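Trainee: Please find one structure pasted underneath; my questions will follow.
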Amino acid sequence: MFIRRLISSKMSSQALFNTKILKVKPESIKFSPTSVFDGSLPVISDPGTKQALLEAAQIIRDTDETVAFPTETVYGLGGSSLNDQSVRNIYKAKNRPSDNPLISHISSIDQLNRKIYSETGLDSSDILKNIPPSYHNLIEKLWPGPLTILLPVPPSNIHTLSKLTTADQPTFAVRIPSDPVARALIALSDTPIAAPSANASTRPSPTLASHVYHDLQGKIPLILDGGACKVGVESTVVDGLCTPPLLLRPGGFTYEDIVTIGGPFWKDCKVENMKTIKANEKVRTPGMKYKHYAPSAKVVLLQPTKDDDALEKQKAFRDIFRRETVEIPNLQKIAVLTTKYLDGISPAVLDDRKKYELLVKTLGQNGEEIQANLFAALREVDEEDKVDLIFVEGIPEEDEGLAVMNRLRKAAANNCIDF
């Protein structure tokens, strides 16, 4: 019995694929202004990019396997939303619980109608018939882009979406990404693509192809390398099927964007704030359940409480630093990721009684920069610098701060200290 278990363990740890990384040039991909509605294909001027996209599209369309690809938010791990085995392979590669729903990515509203709702030949006046009016202002301004909406699943006589994509719920999540590589892959495969972040489950989301390779090498056949993701956190998820509407997950568009652009229906939009979710409780969107975004090292989030001068904030951090470092034996390397007050803080200010290697790195000077750099910085200090403890200076929960603090609380497993 022991030998059988040992052999099984070795087989399960062996690489299933010789994972390829194919570089692509996003700037060589051009969509027409009407393509978001009519589904017209992109023009791709770079032959290497076109060949790589066609190879990836063939995997998505004709096999049960998965492909990692860049989006404007983070890298996604994609398989057909219509294929049960493709969705199983997403869960398998990520080691992700299968009751966590997946977002379906489409290249156009025409594709939504044809491939998910099985409706063809709609004229222009009916093109939005499967999208409730509550969303029309938002998608007119924010699609393509990092906005995910909830829609009703097709009627029971239409067997398109895999129930594994929706976690067998009455709604599904969908968006049109703005990244040209992502949209081109979806358009060329003519397949809605279910795609969570392309990382091992619970790890920080990947914003570079190298992050994907670190987590998933040997587990997937192909990674499209389109460079760094511009937004840096996942899409904003909203539910306009209920009244008042809900912001289920903050992301690439801010709460303020949704309320301002959405029109009168969205002026009373509420923010979902579920602190704990029961083991058997269903969730409507990714990121609401289970551990997320966590490095191997312990993370301590410093929650801003009020503006103060830098000296007072550094004194407050010194006290927090000493309390937290006492609790962890054999500390050697500590990272401090800063946003405002702690830039340039020195080991001498923090604790001159012990010798630590202290790494101080700024996340950026404004919300957009901090959001874009967040996951890459967490991965850098954890995977490359191999620190034992990470302090992160939080930011106010307005504009990009709502999404940033949402991700940081999950990364810190709610190990948060007022600062």
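Glycine is no exception: its Cβ is also placed from the backbone N, Cα and C atoms.
Copied straight from TrEMBL:
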- 50-253: domain 'YrdC-like' (DOMAIN)
- T73, H105, R175, A195, S235: L-threonine binding site (BINDING)
- R96, N100, T171, S197, S205, R249, Y293: ATP binding site (BINDING)
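Looking at the shown structure, what environment does each listed feature sit in?
Mentor: Every protein chain considered, the tally of other Cβ atoms within 10 Å of the Cβ of N100 (ATP binding site) stands at 20.
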Trainee: Can you check how the pLDDT averages out over the domain 'YrdC-like' (50-253)?
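Mentor: Average per-residue pLDDT within the domain 'YrdC-like' (50-253): 96.
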Trainee: Tell me the Cα distance separating N100 (ATP binding site) from A195 (L-threonine binding site), rounded to the nearest angstrom.
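Mentor: N100 (ATP binding site) has its Cα 12 Å from the Cα of A195 (L-threonine binding site).
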Trainee: What does the structure give for the C-alpha distance between R96 (ATP binding site) and H105 (L-threonine binding site)? Integer Å is fine.
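Mentor: Cα to Cα, R96 (ATP binding site) and H105 (L-threonine binding site) are separated by 19 Å.
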Trainee: Among residues T73, H105, R175, A195, S235 annotated as binding L-threonine, what is the maximum Cα-Cα distance? Answer in Å.
Mentor: 13
Trainee: ATP site residues R96, N100, T171, S197, S205, R249, Y293: biggest Cα-Cα distance, Å?
Mentor: 25
